[in-house]
Amino acid sequence: MMHELIERGHAYAAEDGSGDVYFDVRSFPRYGELTRQSIDDMAEAEDADPRGKRDPRDFALWKGSKEGEPDTASWDTPWGRGRPGWHLECSAMARKYLGRTFDIHGGGIDLRFPHHENEIAQSKACGDEYARYWMHNAWVTVQGEKMSKSLGNSLVVSQIAQHTRPLVLRYYLGAAHYRTQIEYHEGSLNEAETAVERIESFLRRALPDGDIRELTSEDIPAEFARCMDDDLNVSGALAVVYDTVRAGNTALDAGDAEAAKAAAWRVVAMTDVLGVNPPTHGSLRSPRRSRLRYRRPPPRHPHRSRGRCRRHPPRCSVVA
């Protein structure tokens, strides 16, 4: 990719003999598009010594070896021995494993700039379409602070799972919109446990024999699909789940077992889509439960939702 970028006039080797190679941000007119910034308003890139740069905002594609760095962490290039920059690593891996175009690129909100902005620039400057959709998630915080090793406030999944069911933890993390910050407190998982038990209790009543047939998209309520198609509005989708649970319980209380069973199948279908379908157990065991086929309708314009632009939702995983 470095060769391509240099040949296309988007990158250059530093003239100070450092072995660094930089991306020329001014050679790519769309630089700043993801975060809606003008180049002149951007802070200087701090990923390398600025002496070899044409513009202080140019970012490193390759970093020349420095004294004291291990030989095992450097490779030979026409510009000297060194290692790839963080941004180039991601673009190169995406191209190798996902191709020149893939659907969704995710990551935390703090990676939008400069990391994701730089990924876009270098990949598109090589002629790749790269990611069609960008989804940036907010953080899980504790007392208003982002979880981090340095602060010692991280919650380790293996430790939480010792006293909390994995399904409950998954429900807790997935119940909020992906761009909404989650503030963890001592009662958070208890609230999630109560919510999950409400769903499980209804399913045990409505499907005492675990009678779950093979489900299809026809079992997905239209309102649930509408919420999920609206920038993954999970909170709205869960409201539909609980409305259906309520209606099913009402049917049970009225002695209408068939209506309750139909509601239960819809609940199973919706929770399966959300990844929080209650686990198999004595009263709900069914080998077909994981065979749900939910086919979404063609997506709307990816940048439009609720009448306003969603192109740049307020960190780094890639989904093909």
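Cβ from N, Cα, C; glycine included.
Sequence annotations record features per position, and here TrEMBL assigns compositional bias 'Basic and acidic residues' to 48-69. What TrEMBL lists as compositional bias 'Basic residues' is 286-314. Taken from TrEMBL, the feature domain 'Cysteinyl-tRNA synthetase class Ia DALR' covers 223-284. If you look up TrEMBL, you'll see 41-78, 276-320 marked as region 'Disordered'.
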How many helix, strand and coil residues does the compositional bias 'Basic and acidic residues' (48-69) contain under DSSP?
3 helix, 6 strand, 13 coil
On the 0 to 100 scale, where does the mean pLDDT of the domain 'Cysteinyl-tRNA synthetase class Ia DALR' (223-284) fall?
91
